[in-house]
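Engineer: Handing you a structure now.
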Amino acid sequence: MAALDRVKVLVLGDSGVGKSSLVHLLCHNQVLGNPSWTVGCSVDVRIHDYKEGTPEEKTYYIELWDVGGSVGSATSVKSTRAVFYNSLNGIILVHDLTNKKSSQNLYRWSLEALNRDVAPTGVLVTNGDYDREQFADNQIPLLVIGTKLDQIPETKRNEVLTRTAFLAEDFNAEEINLDCTNPRYLAAGSSNAVKLSRFFDKVIEKRYFFKRWQSRFLASRKERDLEEEH
């Protein structure tokens, strides 16, 4: 069998949000029995069929890089972590739906990975300084995933999901909310599975079919500009 082409997707978010459990579920379609803290970075692989069911279908390796640590780490730690950000093709931003702080920190995680967390003055950009325009021209595909959906009380679910919808909109990304202990949330044919497949297709298209991806990106940007004008 010929070697498969591959893409690199970072999985970023605060410690304890369930990144390792999510990656295990994505790669093995199984619940991770005994999750532990990730030190440094852990890499797992998912096999993905690009444009499945079409004449263009082709199989790729999706490398999922689960990066550990805290977004508020010292500069020396962040510099070490920056090694993992080289040659990235996509980013999955993971937050705990029961922890609002983990959602807010996604702004800082994304800016750090995209080398935009430091202003020309050297001052750290906080999520309070976040400007949606910073991502308007971002060409790295993003996906926002909220975990621990099962732990949100029914009385608060609408409030939480409304807030996370705005979060995904800020990143110009689709969102998936799930419980990592229940594989049915990513069952084949489900809306979540479709979103996930669409995200991986975007990552592959950006990496291996850039001209096609660029035309779609520019069309999408033009559409957003027209919506803002009206």
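The count begins at 1 with the first shown residue.
Note: Cβ is positioned from N, Cα and C throughout, glycine not excepted.
Just lifted these from Swiss-Prot, have a look:
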type	residues	note
REGION	1-230	region 'Small GTPase-like'
BINDING	G16, V17, G18, K19, S20, S21, K148, L149, D150, D179, C180	GTP binding site
Engineer: Measure between the Cα atoms of every pair in G16, V17, G18, K19, S20, S21, K148, L149, D150, D179, C180, the residues the record assigns to GTP, and report the largest value in Å, rounded to a whole number.
Structural biologist: 18
Engineer: How would DSSP class G18 (GTP binding site) in three states?
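Structural biologist: Coil, per DSSP.
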Engineer: Averaged over the region 'Small GTPase-like' (1-230), what pLDDT does the prediction give?
Structural biologist: 86
Engineer: Under 8 Å between C-beta atoms and at least six apart in sequence, can you list the same-chain neighbours of D150 (GTP binding site), or say none if there are none?
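Structural biologist: In sequence order, the residues whose Cβ lies under 8 Å from that of D150 (GTP binding site) (at least 6 apart) are D179, T181, N182.
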Engineer: Which number gives the other C-beta atoms within 10 angstroms of the C-beta of G16 (GTP binding site), all protein chains shown included?
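Structural biologist: 12, counting other Cβ atoms within 10 Å of G16 (GTP binding site).
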Engineer: Please report the three-state DSSP label of D150 (GTP binding site).
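Structural biologist: Helix, per DSSP.
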Engineer: When a 10 Å sphere is centred on the Cβ of G18 (GTP binding site), how many other Cβ atoms does it contain?
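Structural biologist: The Cβ of G18 (GTP binding site) has 26 Cβ neighbours within 10 Å.
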Engineer: Would you mind listing, in sequence order, the residues at least six apart from C180 (GTP binding site) in the same chain with a Cβ closer than 8 Å to its Cβ?
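Structural biologist: Listed in sequence order: G18, S21, L22, L25, V31, L32, T147, K148.
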